[in-house]
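Take a look at the following structure, please.
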Amino acid sequence: MTESTTSDARSRPTRTEILSIVVACGCLAVAVLFQPPSGLSRSGLIALGIFGFGLVLWQSEAVPHVVTSLLVVGFLYAFGTVSTFEAAATGFASTLFFFFFALLVLGHAISKVGLDARVARRLLASASTPRASFRQTSRYVLALSFLMPSALARMVAFTPIIEEVADIYDLDADHPFRTSSFLLLGQLNPIASMSLMTGGGLPIIGAQLIQTSGYTINWITWALYMIPPAVFIYVVGVISLEWLHPIASDSGRRTTDGDGRAGTDKDGRPETDGDGAVDDPEPITRDQWAVGLVMGATLLSWAASPFLGIPTVLPAIVAVGVLSLPAVGVLDVEDMTEVSWGVLFLIGGMFSLIDVLEATGAFEWLVAVGSAVIPFGAFAPATIVIVLLALVLGIRLLFPSGSACLIVVVPILVTFARTYDLNGLFLSLSAVVVAGSTVLVPLHVPPALLAFNRGHVDTREVFALGVVTILAAIVAIAGAWLVYWPLVEAVL
């Protein structure tokens with residue numbers, strides 16, 4: 001009886017879920033039942049209705065992402081927006097779908113063998129004070145953003161080490177060292193990921209959208225364009241953390257940890273293993289060697305791909321294949337189930353929608369409507385850019401995912417760029433910077449949400465740092481657009 005009652009309670013939908021489903025179905029019903037407005041085709045209206053249907057369900061998670069994506073593709077075909085089912089499912093045949101899958105598997109392999117935690121532990125050398133430890137953490141998180149493709153994986157790797165350092169120094173739960181460190185991992189850590197095209201979902205999706213819009217960008221050119229803005233925002237964020245949550249240079253120390261872990265020496269410094277690193281006695285394993293060598297070769301392949309003509313997706317796929325070989329044995333069938341299939345299907349469904357929206361002229365119609373509401377034609381080019389990026393910022397606040405925001409806004413921005421003779425590549429890169437730097441609530445990025453759910457930070461602290469990163473992003477975009485990006489473009 002109790003089990004049945006519990007099961008019924010768990011299966012009972014919430015008001016939010018019911019409302020989301022009603023709104024989603026309403027979007028679809030309006031598109032199907034009403035005549036299209038002037039300038040928009042019947043197929044374009046239905047595609048927009050399906051887009052609204054999918055967006056509401058993806059955002060609310062009233063049903064699993066996989067189910068929503070299946071419904072979106074099915075409706076695109078069923079309501080006649082495309083002539084074949086294959087045309088409705090083009091997103092699942094895209095390079096991004098398989099590239100993202102391969103990166104998710106590689107990230108899982110790094111975590112599975114414990115390579116992420118080992119690297120983090122070895123890099124986080126001992127220091128005489130918590131303030132020095134925080135500064136070391138900030139440097140190493142930035143350095144690892146070029147080696148470990150997942151910000152969430154880096155956070156998971158560094159969290160126990162931050163806790164260990166705090167325990168060594170006998171710091172309270174609300175000590176500025178803890179607050180600053182977890183804000184660093186939760187908010188600034190994902191910003192560092194924008195530096196590389198393979199740095200996570202946001203840059204991967206941003207690069208794919210830019211490529212499908214007709215602009216040429218690869219692993220090297222992305223790094224040239226994005227490393228300076230991303231590093232600038234990251235550094236400003238780190239400096240602001242030291243100002244918002246100052247860590248005293250003489251914060252508490254202890255001479256013993258009381259639990260058998262690394263203690264402190266006579267000067268109050270954490271004991272080390274002789275090379276300056278926090279004690280890590282376990283020797284490197286065979287699997288860690290295998291993953292490390294394969295990831296190193298993959299990074300080199302990505303760097304060389306523009307010169308050798310190798311597709312960016314190929315090194316990642318080969319890396320997964322090598323780690324799955326019986327002689328290597330790092331990955332097996334069970335590891336494939338650990339991949340976030342919901343995210344993958346969301347990407348496939350979203351890109352399928354984008355292809356149909358472009359084919360039916362829906363994006364051009366949205367730009368025409370936007371131009372009728374806001375007189376873009378009367379604005380100077382710089383003003384148009386400012387208004388468009390302000391709209392991107394506003395849209396980003398509504399999305400729990402920067403990647404999902406980019407999927408919506410980049411095709412529209414590219415259409416605006418072509419309509420008003422703007423630099424579409426610079427505009428798209430600016431949108432990536434805005435989407436990646438806007439974190440005003442924990443929900444905006446998974447690492448920040450994880451830090452919040454574990455009680456390491458609160459909403460006020462996340463908001464304060466988010467304002468700083470947005471302001472830094474504005475400065476970074478202005479400097480990049482006016483000075484740096486034109487230089488890169490001239491060289492390339």
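Start at 1 and count along the chain as shown; that gives each residue its number.
Backbone N, Cα and C atoms are what each Cβ position is placed from, and that goes for glycine too.
As annotated in TrEMBL:
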TRANSMEM  18-34  transmembrane segment
TRANSMEM  40-58  transmembrane segment
TRANSMEM  65-85  transmembrane segment
TRANSMEM  140-162  transmembrane segment
TRANSMEM  182-207  transmembrane segment
TRANSMEM  219-241  transmembrane segment
COMPBIAS  252-272  compositional bias 'Basic and acidic residues'
REGION    252-283  region 'Disordered'
COMPBIAS  273-282  compositional bias 'Acidic residues'
TRANSMEM  313-333  transmembrane segment
TRANSMEM  339-358  transmembrane segment
TRANSMEM  365-391  transmembrane segment
TRANSMEM  397-417  transmembrane segment
TRANSMEM  424-443  transmembrane segment
TRANSMEM  463-487  transmembrane segment
Can you tell me which recorded stretch out of 65-85, 140-162, 182-207, 219-241, 463-487 has the most Cβ pairs within less than 8 Å of the transmembrane segment (397-417)?
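Ranking 65-85, 140-162, 182-207, 219-241, 463-487 by Cβ pairs under 8 Å to the transmembrane segment (397-417) puts 182-207 first.
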Honestly, do the transmembrane segment (219-241) and the transmembrane segment (339-358) touch, with at least three Cβ pairs under 8 Å and pairs 6 or more apart in sequence?
no
Mind pulling out the one from 18-34, 65-85, 140-162, 182-207, 463-487 with the most Cβ pairs under 8 angstroms to the transmembrane segment (339-358)?
65-85
Same chain, outside the transmembrane segment (140-162) by at least 6, Cβ under 8 Å from its Cβ: which residues?
103, 106-107, 110-111, 116-117, 119-121, 123-124, 178, 181-182, 184-186, 188-190, 192-193, 195-196, 198-200, 231, 234, 278, 295, 299, 445-447, 450-451
